[in-house]
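Student: Okay, these came from TrEMBL:
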- A:1-29: region 'Disordered' (REGION)
- A:18-29: compositional bias 'Polar residues' (COMPBIAS)
- A:37-178: domain 'Casparian strip membrane protein' (DOMAIN)
- A:41-63: transmembrane segment (TRANSMEM)
- A:83-100: transmembrane segment (TRANSMEM)
Number of protein chains: 2
Amino acid sequence: MMRSPQEPNRNGGLRTPSPRQRNQSQFQSTVSVQKHRRFNILILIFRFAAFCFSLASAIFMFANSRGGSDLDSDSLRWYHFDAFRFVAIAAAIVALYSLFEVGASVWEISRGATVFPEAVQVWFDFSHDQVFAYMLLSADSAGTALARTLRDRDTCTANNAFCVQSAISVALGFAGFMFLGFSSLLSGFRVVCFILNGSRFHM
Amino acid sequence: MMRSPQEPNRNGGLRTPSPRQRNQSQFQSTVSVQKHRRFNILILIFRFAAFCFSLASAIFMFANSRGGSDLDSDSLRWYHFDAFRFVAIAAAIVALYSLFEVGASVWEISRGATVFPEAVQVWFDFSHDQVFAYMLLSADSAGTALARTLRDRDTCTANNAFCVQSAISVALGFAGFMFLGFSSLLSGFRVVCFILNGSRFHM
């Protein structure tokens, strides 16, 4: 073990540890920093996956227009259906939020500090994950129900591409929901760690 | 303050507290028990509300059959529609789960102990609250989308009672989801308290 007598006393002068104790706690804190880094990279991956899937879902739905002009009776537009509007807007909101969270995650990994103060950040992440996960699930369930009823009607025989594209968009939305749910679990774990230790570092 | 020298030593003989200290900690634990009781009664109320609303939602949907026999082409049955089946079954599952949780809550308030071991109970409550809340929201969103598309078709002009009854069932389901969400918040709080203190008693 290396000795580092020039290292400043981190305990605020209350108790002077022996060099051996100090080295050991340094070693433990290095392990904890590495674990914390791996945890953050896992969050980043989930966030990025949620961003990709929800963005793809939003693009597929926003581009979902078939038939001639808006005035034709047989033209199909995503914004003529309430549930599809909900799917498109929910996916777009989740994509924006996930993009922000990817940025926040990269910031945290590179600089070692959260964007907002730590207490705000952990609660912000967890609450928004929960609310947006509920919203996305609700939108995609409604989209599924609408897509199934459209299949029973003449709509899908007349213009199958519209139905297929809607179904793909809804499926991508469900994948986005899944990754948002995983992120929500991890950010919930961070909240518990923060309450336990007064720090987002786990254990 | 009253003295109670015959009170057994609760600290396991490690440290004998003065009678004054002992009385104070007794007083504090009485306050904590009262708080805990009020918290449990709040959970019981939310559980009972979730039970009532989801049971009503399930009954409204299960009884939702109009028209003559099953063979008539104009007869409407809830089980002919995927989304309505999902609404009925999800509401029934949540009603059963809430009934069990009402029982567990009453047991805990009357006997002061949980049905399962404490660690199992707090995690069981929280995880099931979360999963069933997602399920109920998903079912009711799908039900809403179907009810809206039925209104655009001839179905509702021909048999309005069927549509109205479906809409009521879905609305009751959303109310049930709301109370289940509140219960989920409280049981999440219990999980955090359990991790913090090693006991479900808060603070």
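Glycine residues also receive a Cβ, built from the backbone N, Cα and C atoms like all the rest.
Just so you know, TrEMBL annotations never went through curation; they're auto-generated.
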Student: Counting only residues 6+ away from its ends, which parts of the chain sit with a Cβ under 8 Å from the transmembrane segment (A:41-63)?
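Tutor: Hits for the transmembrane segment (A:41-63): 78, 84, 87-88, 91-92, 94-95, 98-99, 101-102, 105-106, 109, 136, 165-166, 168-170, 172-173, 175-176, 179-180, 182-183, 186-187.
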Student: Mind checking how the domain 'Casparian strip membrane protein' (A:37-178) divides into helix, strand and coil residues in DSSP?
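Tutor: Residue counts in helix, strand and coil order: 117 helix, 4 strand, 21 coil.
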Student: Who are the long-range neighbours of the transmembrane segment (A:83-100) in its own chain, taking Cβ under 8 Å and residues 6 or more past its ends?
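Tutor: Sequence-distant neighbours of the transmembrane segment (A:83-100): 47-48, 50-51, 54-55, 57-58, 61-62, 64, 128, 132, 135-136, 138-140, 142-143, 145-146, 166, 169-170, 172-173, 176, 180.
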